[in-house]
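Marked as active site, proton donor/acceptor by TrEMBL: His136. Taken from TrEMBL, the feature active site, proton donor covers Lys140. Residues annotated as NADP(+) binding site in TrEMBL: Arg38. Among the features that TrEMBL reports, domain 'Dihydrodipicolinate reductase N-terminal' is placed at 6-109. Annotation comment: TrEMBL describes 112-247 as domain 'Dihydrodipicolinate reductase C-terminal'. Feature annotation from TrEMBL assigns region 'Disordered' to 159-181.
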Amino acid sequence: MSAKLRVAVIGAQGRIGSEAARAVAAAGDLELVAALDRDDDLGALVEAGAQVAVDLTHPDAVMGNLEFCVRNGVNAVVGTTGWTDERLAELRGWLAESPATGVLIAPNFSIGAVLTMRFAAQAARFFESAEVIELHHPNKADAPSGTATRTAQLIAQARRAADLPPQPDATSTALPGARGADVDGVPVHSVRLRGLLAHQEVLLGDQGETLTIRHDSLHHSSFMPGILLGVRRIVSTPGLTYGLENFMDLD
Ligand SMILES: NC(=O)C1=CN([C@@H]2O[C@H](COP(=O)(O)OP(=O)(O)OC[C@H]3O[C@@H](n4cnc5c(N)ncnc54)[C@H](OP(=O)(O)O)[C@@H]3O)[C@@H](O)[C@H]2O)C=CC1
Ligand SMILES: O=C(O)C1=N[C@H](C(=O)O)C[C@H](O)C1
């Protein structure tokens with residue numbers, strides 16, 4: 001029998017991190033060797049011999065954690081949000097100096113959310129208009145969600161590839177925020193509501209018809225198969241992988 005993969009979770013006291021630590025501990029081929037949270041010494045990752053660290057912390061914390069992991073050759077699976085082009089460039093710089101190390105950044109680990117992004121990108125070129133509505137619990141730190149931002153970017157990319165013009169919108173007077181955040185020309189609207197977990201609708205419209213693609217994460221368990229898939233695959237995937245779809249053999 002091959003040795004178990006040695007996995008650490010950073011943010012292990014959090015909503016998703018605590019569930020991820022349990023899922024890793026319960027997986028027969030994985031061993032939870034460290035469960036860190038705020039103020040814990042990252043050196044514990046190295047002392048524990050972690051091969052993969054799962055980061056589920058906060059946009060303010062993730063860059064420091066990743067710099068430590070990459071510089072110490074610890075592969076990382078990242079669910080934490082807050083990614084910008086500048087942050088990705090900085091991460092690529094660290095990875096260039098540690099070419100055997102792999103980092104997966106997954107805007108969403110749930111299979112249905114990954115498929116929503118894929119379907120939205122496929123549908124985008126057939127519709128004049130597209131808008132994204134994301135709905136989350138009120139404890140969420142960032143808006144729009146990482147998933148909604150990525151969805152809008154993929155829609156925009158598909159619209160550009162199809163040479164679609166900007167979306168029609170005659171709004172000439174509006175309260176600030178009424179038309180949502182503009183992500184690459186795609187409006188994204190954020191709802192924060194007690195009782196919700198993580199939900200998203202992609203609305204596409206054209207003459208006489210609309211298409212709505214909706215996904216609901218009803219429990220934190222929806223993210224666990226994707227996290228475990230990422231952990232198992234990242235150890236043999238050096239460099240930066242952006243999006244769980246890269247490990248899902250979708251094509
Ligand atoms: N990609 C995906 O599929 C998913 C991504 N997420 C993302 O994961 C992140 C965490 O979400 P959630 O679990 O709801 O948030 P929580 O606030 O519940 O959990 C975050 C945990 O990380 C801790 N933390 C903060 N800073 C550090 C640090 N520097 N080092 C170690 N631990 C730290 C927090 O401590 P403290 O409470 O003291 O601040 C807290 O225990 C968010 O960015 C969220 O958007 C969430 C769900 C799915
Ligand atoms: O904070 C959350 O809860 C979630 N965050 C991720 C995001 O911002 O897209 C993934 C999922 O929506 C849950």
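Cβ atoms are placed via backbone N, Cα and C, with glycine included.
Neighbour counts were taken at the CB atom with a 10 A radius for the recorded positions Arg38, Lys140; the maximum falls on Lys140.
Arg38 (NADP(+) binding site) sits 17 Å from the residue listed as 'active site, proton donor', taking the C-alpha atoms as the reference points. Per DSSP, the secondary structure of the region 'Disordered' (159-181) breaks down as 3 helix, 1 strand, 19 coil. Shown in sequence order, Ser145, Ser190, Val191, Arg192, Leu193, Leu196, Leu197, Ala198, His199 are the residues of the chain, 6+ apart in sequence, with a C-beta less than 8 angstroms from the C-beta of the residue listed as 'active site, proton donor/acceptor'. Looking only at the domain 'Dihydrodipicolinate reductase N-terminal' (6-109), the predicted model's pLDDT averages out at 98. Taking H, G and I as helix, E and B as strand and the rest as coil, DSSP gives the domain 'Dihydrodipicolinate reductase N-terminal' (6-109) the counts 39 helix, 24 strand, 41 coil.
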